[in-house]
């Protein structure tokens, strides 16, 4: 699509050529008419032109800078005898502001009363409709052809005239307001703008007649601090196209406030041949005016007036009105109550006042009267830290003392004042607070009181209209946090503000709480819509600098000047700010004592040390505990760290050093997540607004390590898009363990980088690391992700954020499931829940799954086994391999292969066969031997039995057997007890006679002496 300014540039050039041709065309027509009259002498005779029938114009400037003044009839052909052309003024000639060029005598004359001029300029201050020459265009940010359909959704997203100003769009479309002008000399363009919301990109730039933009130093507009601001840019001679362009980047439910522009003035244009009448509601009471004044309240004026007219008594008008309105009857919505300051008697008066400006009438039927004032009541006590003087005013107690609102008391020895501001009694507005009213119609401050004191609370008074912003501001010069807090670079809390409030509304009222740092634009922190019961809100302050806190209440957003809902109010009961520099104290807190020559004095404990209340000495917190730095009293101030975490050196936070252990009945699993310590990013699926703008939720995560330092950074660069590469600019950023931002990619925006906006912290502190699904009230449902299939439970990191919102009363929480996935190399992959593509299903609890091989347990001896090879060539190898599937990472390495000397199976086979053969032979020999031996013994035994039966023998019984044939006389037969095999062998070898026969001893049955036969 062509650049919008290009077509306007062309039209400007065409218009310039047309302007140069006009005088020549008129002269040609006049010459043709005269010639026609001469040739047609019989035609009707034309009268001489009167001054009212023609006007003067200049011809185009020639190369020498000269031009001619010519008379041009209003209607060609009606008259004749026009004045002859004469030499005109120099092309560079111009009149001053408040003057116009009288073309008759070519001199500057002052404007008459009721009129004004800018000299060589033009002004646009009426925006009931788009002025002539302006163009309003809209486009979708998508640059590709796929956005053609969504572009149609942006046709109505344009700049809208609203009477005194023109307002930009508030959606994600790009709206452009353009004006083309041809300058005869160098000039300026200046305008007023109201730019309160940084979620809109607002740029103003100028293109010259070569369609080249001028210097970009003033292109990107800065947000306005208070009300309207003035902006001016120099213009070069020639064609200039002015662009006011806005694009909103608020893709959530919050609708940003539009950019407003008014009073556009351009100088350096062609001469002004007449003065402009003052618009209704303004006047010029003297000649030579360069601007018109506004009519005061209760007066009006018509167009071109020299003075304003007073309204009738029964009518009223606001400042700059063109008419008067009838005063309505006064109601109870037209007045409010307040309290006077305490008098010398310690009493205050209840006062009723009409809301300003008073537009109602007390004389009409049914009108209410202002209630009687002057009822006296006793003054409430002073606020804590203040004391009451003799004239019943409240003054702050000196440093080193405290009070509950009565008398000041010195802090006891061993204590120090806890300085701050605690406002809970509202008899007068504190000196460091101010209140005003910002008009919801023209966004100008009215110098009125927006909040009124009412004893035990402060509330919103009645404004000029229901859409006015009732503003209350508290300014704190700085903070004085404890020394232990200042030493902790990761703990961002330097102080906190707590206030109790309620809203009572019948329509769509809104209460805004905003914070400004170093006088920068107030940033909305929280918004409450509709009626809210009495409740408390706490905001943590993270920067030690001058800070302003602002409460703004708007009864309705309807763009009308009416006062119908003044009974809709916001009330603030108390405001408490801690650790305020030069503040006051309502109590004294224990401190560490330091001995000196003059006694003992308070000193600060080192970081990570608590104060013993009894002795005033400093003691280090135990291991694995952190110190509550803002209340470091007693050992109970040391809070234990969660599972899987430990404290840092100064006991300010608990962190995980990227290690974890899980015990089971059979073994201990150790983890090391060091490979996952670096920050990683993850983008959710694309989302689209109602206008078709594509955006992503972009997450940045830092899991562990780094001594607990938060490494994830999310930024808001909406107002910093045009900073050149290599240069730094201001952009809001937050640091956390896990943060989220809304990203519009560069291919959509067309800028050098994608737009990052609305950064949010999701994890400010680590609660613990465990395999349990619930910890400290935070649950990580397993069903949000695909189930684990390896039998190794997920290790879950639990975090909490410090941000507390209406929808997340306990703050946001984040869980990161770290799952062992051996096939995914480092760093692995991050996943969002399948059912909640933005990481959360409720907006408060965010869940992530991180799968990686680095999430597996460390390898140990239980994760591998040995494989022994066969013996080859006398060598045997033992190889160690991982068990499959391998479910570990890192840890120990596999042992080296082990080589041993061995015997082959052939050798052992030969040895076995040889041993078997020998054994068989030996057994055979022994068997034969014993068989033969047994045969001999059997034979001898049978002989003895036979001899024992010979009872009829004549000879006396012999003690030995007879010598048989073939037997040796020397053989002895002895009956012995049973012998073993080896005993028999021994006997055999020892009794063998030299002749080869055995000697067997015999034993008689009577046990007598052995006898040799």
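Placement of Cβ uses the backbone N, Cα and C atoms for every residue, glycine included.
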Annotated N-linked glycosylation site residue, as Swiss-Prot has it, among 576, 672: 672
Transmembrane segment range according to Swiss-Prot, out of 890-910, 911-931, 932-952, 953-973: 911-931
153, 390 - residue that Swiss-Prot labels as N-linked glycosylation site: 153
Per Swiss-Prot, the candidate from 404, 544 carrying the annotation N-linked glycosylation site: 404
Residue among disulfide-bonded residues 278, 330, 342, 808, 844 with Cα closest to the Cα of residue 658 (disulfide bond): 844
Among 714, 844 [disulfide-bonded residues], residue with fewest other Cβ within 10 Å: 844
Inter-residue C-alpha distance, residue 404 (N-linked glycosylation site) and residue 856 (disulfide bond) (nearest angstrom): 59
Number of other Cβ atoms within 10 Å of the Cβ of residue 404 (N-linked glycosylation site) across all protein chains: 17
For residue 308 (disulfide bond): intrachain residues, at least 6 apart, with Cβ closer than 8 Å: 283, 295, 296, 299, 300, 301
Alpha-carbon distance [residue 704 (disulfide bond); residue 820 (disulfide bond)] in Å: 17
List of residues, in chain order, with Cβ under 8 A from that of residue 808 (disulfide bond) and at least 6 apart: 843, 844
All-chain count of other Cβ atoms within 10 Å of residue 295 (disulfide bond): 26
